[in-house]
Amino acid sequence: MDRKVLMLAVILFALAVRFQNFGEIFDSGIYYTGYDSYYHMRLVEVMVKESFRPDYDYYINYPFGLKITWPPLFDYILAFPGMLFGFHSSEIFAVFLPVILGVLSVVLICLTALQIVNNQTFALISAFIYAAAPVAVWKTVLGQADHHALVIFLFLLSAYLLLKDGVWKILAGLPMLFMALAWLGSPIYGALLAFSALVHFDRKALRLVAASYLIPAISFVLYPPVGISFFGLAAFLFVGSVVKGYEDRFRNATIYYIALSLATVLIIYFIPLPHFEFVKGGINYIFGANIYLPTISEARSLQIFEIISASGYIYFIFALISVLFFRNRFVLSMFFLSFILALMQLRFTEVLVVPSALLSAYLVSLVLERLEYPVFEKADEEEKSRRRKRKDRKVKQKNAEVEWKDHAVVAAFLVILAIPCIVVAVVPFDLTEDWKEALEWMRTSLEEQNYLNPYEKPEYSVMSWWDYGNWILYVSKKAVVCNNFQAGAVDAAKFFTAKSEDEAIKIAKKRGVRYVVTADEITMKDANNTKFPAIMRIAGYNVDLMTEGEILNFFNHTVLYRLHMENAENLTHFRLVKEFGDVKIFEVVGS
């Protein structure tokens, strides 16, 4: 069968699984997947309609506001169609861009696999496994207008170019530069590629890789910590190329060099050097040394079962087994390092799935060979045939044996193994009908604010838990106390866990709160699906030492309970103004 047809089938599969929730997204408007997407669109709306990208926003962390520090590339990409054709075009483009990037990433996996093994069947299997991996789907699903899809695409493009010969290695620095302009954490993925390159390449190739890292170091002009990090990685690789020259005399020279480099980083971490505080910040980020990170689902550590499920279930197990047979040190190094990252924070499974797909595809290929479905053997024979410039009759006869039914059986085998992946990859839309109605009501019924001017402090704010902050900001066009950036989260947590109305109203006055929004999932209404323990943790309570019964008893004495469960009937300064199923809106009165 024509490999182009099979690749097209993989692409169509990747599109299909990523087009979930189409009806929810285009439901009487345009909605997005997740939470962070909404703040990106808030920035894009200001950029398109007001012709500037704000570096400060009074509509979050009200009334203090918050500085916008992350790189702007992704926002400018989303805003570009709007600058030409109006904001509505950016709204639509933002819905489909992650899917486009996801499909391109699938193609890059295929090309990378070809670069590593030079076998089309192996490459197609790699692409299919990556296309089905739950975490790869979640990051590139329809409406997921967040920077992750772009970062992963650029990471894959960098890896692919590094694996090519000659000057292509230097060009790998270009996608790394774009990655640096899209995510402040880009040096983490740059380091992952650098360590993998050091282990895999010889000294000559390593010098080209080192040169490529000077390109993203240019980002120093806009983001000095990022630029310095990439320059440090370039130096690390250049010195590594020198060390490689001594491997004939000192067998483990590279290993000692890596150990020495890690020790140097640790020294920088523990010694208070003002100019290198970003190193400490980066390490703390990786290890999740932050009060907020343990309360974020994707930032949890040591989630081994979730790592397995997010990376492909049985396919991830295949990857672990394949480590015993696979010989490409670039892929093996990337797998082990990204696995360590994923153990530190679950979010890094987005990069772990890359080597995992390649490794599992290799084991699947070996199994197919044992079942007399030619994969590597067929490629070898075809190569010999091309060299002889004539078709060997035996090869031709063997190729003819691989008919449609054989391909169909193999495809069915791969799909059956991928069923758990597909089931997990399809997730309910975050924004329920109750929330859509509540957000639209707030947009049209509450006092209007000058939403498009983030530099002007509005008259009031809306208190909610941080998960809903960006929804309220973008859809309802109202200022919020806290959103997914965690600023304001402590006050929000203390407000909801307050044991007296007086305590809650003091926080409300401090934060200029006029309305409060609650939902079932932040209460203890369903103990198996609740955000309340996370709220308690942010408020300063040690939830780990409490039983479920103690947490429930604590909840029953909070202002959140008296608001959401009792509809504020026994409160003086709050009254229920509107209810939309699971979502309730209260007004602060007499404050």
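Every residue gets a Cβ built from N, Cα and C, even glycine.
As given in Swiss-Prot:
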{"type": "TOPO_DOM", "residues": "1-5", "note": "topological domain 'Cytoplasmic'"}
{"type": "TRANSMEM", "residues": "6-26", "note": "transmembrane segment"}
{"type": "TOPO_DOM", "residues": "27-67", "note": "topological domain 'Extracellular'"}
{"type": "TRANSMEM", "residues": "68-88", "note": "transmembrane segment"}
{"type": "TOPO_DOM", "residues": "113-121", "note": "topological domain 'Extracellular'"}
{"type": "TRANSMEM", "residues": "122-142", "note": "transmembrane segment"}
{"type": "TOPO_DOM", "residues": "143-147", "note": "topological domain 'Cytoplasmic'"}
{"type": "TRANSMEM", "residues": "148-168", "note": "transmembrane segment"}
{"type": "TRANSMEM", "residues": "170-190", "note": "transmembrane segment"}
{"type": "TOPO_DOM", "residues": "191-219", "note": "topological domain 'Cytoplasmic'"}
{"type": "TRANSMEM", "residues": "220-240", "note": "transmembrane segment"}
{"type": "TOPO_DOM", "residues": "241-252", "note": "topological domain 'Extracellular'"}
{"type": "TRANSMEM", "residues": "253-273", "note": "transmembrane segment"}
{"type": "TRANSMEM", "residues": "276-296", "note": "transmembrane segment"}
{"type": "TOPO_DOM", "residues": "297-303", "note": "topological domain 'Extracellular'"}
{"type": "TRANSMEM", "residues": "304-324", "note": "transmembrane segment"}
{"type": "TRANSMEM", "residues": "328-344", "note": "transmembrane segment"}
{"type": "TRANSMEM", "residues": "348-368", "note": "transmembrane segment"}
{"type": "TOPO_DOM", "residues": "369-408", "note": "topological domain 'Cytoplasmic'"}
{"type": "TRANSMEM", "residues": "409-429", "note": "transmembrane segment"}
{"type": "TOPO_DOM", "residues": "430-591", "note": "topological domain 'Extracellular'"}
{"type": "MOTIF", "residues": "465-469", "note": "motif 'WWDYG motif'"}
{"type": "MOTIF", "residues": "521-535", "note": "motif 'DKi motif'"}
Taken over the topological domain 'Cytoplasmic' (191-219), the predicted model's pLDDT averages 92
So, does the transmembrane segment (304-324) come close enough to the transmembrane segment (68-88) to give 3+ Cβ pairs below 8 Å, pairs being at least 6 apart in sequence? no
The answer for the topological domain 'Cytoplasmic' (143-147), taking Cβ pairs under 8 Å and residues 6+ beyond its ends, is 21, 25, 31-34, 36-37, 40-41, 70, 74, 78, 94-95, 97-98, 182-183
Across the topological domain 'Cytoplasmic' (143-147), DSSP yields 0 helix, 0 strand, 5 coil
Across the topological domain 'Extracellular' (113-121), DSSP yields 7 helix, 0 strand, 2 coil
Under 8 Å Cβ-Cβ from the transmembrane segment (220-240), and at least six residues away from its ends along the same chain, one finds 71, 176, 180-181, 184, 186-187, 190-191, 194, 197-198, 206-207, 209-211, 213-214, 254, 257, 261, 278, 281-282
For the topological domain 'Extracellular' (241-252), the DSSP helix/strand/coil residue counts are 4 helix, 0 strand, 8 coil
Is the count of Cβ pairs under 8 Å between the transmembrane segment (409-429) and the transmembrane segment (253-273), pairs 6 or more apart in sequence, 3 or more? no
Its residues classified by DSSP, the motif 'WWDYG motif' (465-469) shows 4 helix, 0 strand, 1 coil
Tertiary contacts of the topological domain 'Extracellular' (27-67), defined by C-beta under 8 angstroms and 6+ residue spacing from its ends, are 21, 74-76, 78-79, 82-83, 86-87, 90-92, 94-95, 141-147, 429-431, 436, 449, 451-458, 461, 467, 469-471, 473-475, 478-485, 487-488, 511-512
Same-chain residues at least 6 beyond the ends of the topological domain 'Cytoplasmic' (191-219) with CB under 8 Å of its CB atoms are 155, 158-159, 161-162, 166-167, 169-174, 176-177, 179-181, 226-231, 233-238, 240-242, 244-245, 254, 258, 328-334, 337-338, 341, 351
